[in-house]
Amino acid sequence: PTQCDNWVRTSNGGHFASPNYPNMYPPNQECIYILEAAPRQRIELTFDEPYYIEPSFECRFDHLEVRDGPFGFSPLINRYCGLKSPALIRSTGRFMWIKFTSDEELEGKGFQAKYSFIPDPDFTYLGGILNPIPDCQFELSGADGIVRSSQVEQEGKTKPGQAVDCIWTIKATPNAKIYLRFLDYQMEHSNECKRNFVAVYDGSSSIENLKAKFCSTVANDVMLQTGTGVVRMWADEGSRLSRFRMLFTSFVDPPCSGNTYFCHSNMCINNSLVCNGIQNCAYPWDENHCREKKNTGLFEQITKTHGTIIGITSGIVLVLLIISILVQVKQPRKKVMACKTAFNKTGFQEVFDPPHYELFSLRDKEISADLADLSEELENYQKMRRPSTASRCIHDHHCGSQASNIKQSRTNLSSMELPFRNDFAQPQPMK
């Protein structure tokens, strides 16, 4: 806010004050000051009189918050309020983060602070050259992008064996919010948040804006409510294998306008993110049914570049395959035709396809046997007719009356002169 623009900077330090100082500061104010010294220097902060900030228990209402570092999550030095100005405050590094906050009632005169830079006693000159300390900070913006821990090593922000304490500031497109989705996440020492973690802040790096903090084996997606996101990674000297990779997407709330796509999850993304091969929505609606819009793959690129060679080769292979199939199909047919010329169809039919061969049951077989016996008896009877009368008497004497009856019946059969033909010969054995 414009009321906080009362900050004067010089090469050796500067000074700043609460809004309207030395008059009463207005209600509902929030002013943030980030002091930065040169490498290998520290900061000393002092307060002038008069000094008055609404007193309260643990300074929960109006207060002045000072942190030892450049971020709102840096180590807290103290919170100050009341009638007495704070004592001299020194930083342990080259940054100091200060925030003044007032609520809606009971205002005071506020404060005025001065700061100066002093040499850092923990560092000495090496050959008259002062090596600068790299700041591990990154900034990203746009419709989407990738936040990755590998950027720290690639840009040489930290040396091997040193702890990692880096921050990524993300700026969404105008009037948009930020959706964060983890693509890769691994903490070397799981569930040890003091050794390694990934923290996400919504709006600023202030500790009260902490949205989520991950140090276990799983990291969930985060939906921010503002257009500014801050991601911090901390890993001590023994946790350098900890890593993460995160996708950020700018989105607006429905209803979606003409240049946005509705994600079916209370978010609208830019149309340029649809069918780009990356899931920007919370659910993969933006990548469904995108086969015709996806970028050509390696195979398609090779096909376009060497289409003639691949086409000719495929045609030759196809022709050879067809010739091989035709040869295999026609060769067996020639052998069959050669065998047909020497084949005796009549003999083959007589053996395997008899013209009068019929099926019969066991009962039919028994009847055929009885008819064969009857035929034999009729032949014997014809022979018996030729002997003399005496032989007939002898035959009658031995056969008895029953034989006479049989003879009479057979005589009657003879007198009837029935035509008879022996058709009951046993069938020839099948070959």
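Positions of Cβ are set from backbone N, Cα and C atoms, glycine also.
Heads up, TrEMBL stuff is auto-annotated, nobody curated it.
Quantities reported herein were computed from a predicted structural model and do not represent experimental measurements.
Per TrEMBL, disulfide bond is recorded for CYS4-CYS31 (among others).
When the domain 'CUB' (4-118) is classified with DSSP, helix, strand and coil residues number 4 helix, 55 strand, 56 coil. Here TrEMBL flags 4-118 (among others) as domain 'CUB'.
Residues or ranges marked as domain 'CUB' in TrEMBL: 136-251 (among others).
The Cβ neighbour count for CYS268 (disulfide bond), using a 10 Å radius and every protein chain shown, is 20. Annotation source TrEMBL lists disulfide bond at CYS256-CYS268 (among others).
Taken from TrEMBL, the feature disulfide bond applies to CYS263-CYS281 (among others). For CYS263 (disulfide bond), the same-chain residues that are 6 or more apart in sequence and have a Cβ closer than 8 Å to its Cβ are PHE251, ILE269, ASN280, CYS281, ALA282, TYR283, TRP285, ASP286.
Annotated disulfide bond per TrEMBL: CYS275-CYS290 (among others), in sequence order.
Annotation source TrEMBL lists transmembrane segment at 309-327.
Per-residue confidence over the domain 'CUB' (4-118) averages 87 (mean pLDDT, predicted model). Counting Cβ atoms from all protein chains shown, CYS256 (disulfide bond) has 16 others lying within 10 Å of its own Cβ. Distances between the Cα of CYS268 (disulfide bond) and those of the disulfide-bonded residues CYS4, CYS31, CYS275, CYS290 are shortest for CYS275.
Of the listed disulfide-bonded residues, namely CYS31, CYS281, CYS290, the sparsest CB environment within 10 A is found at CYS290.
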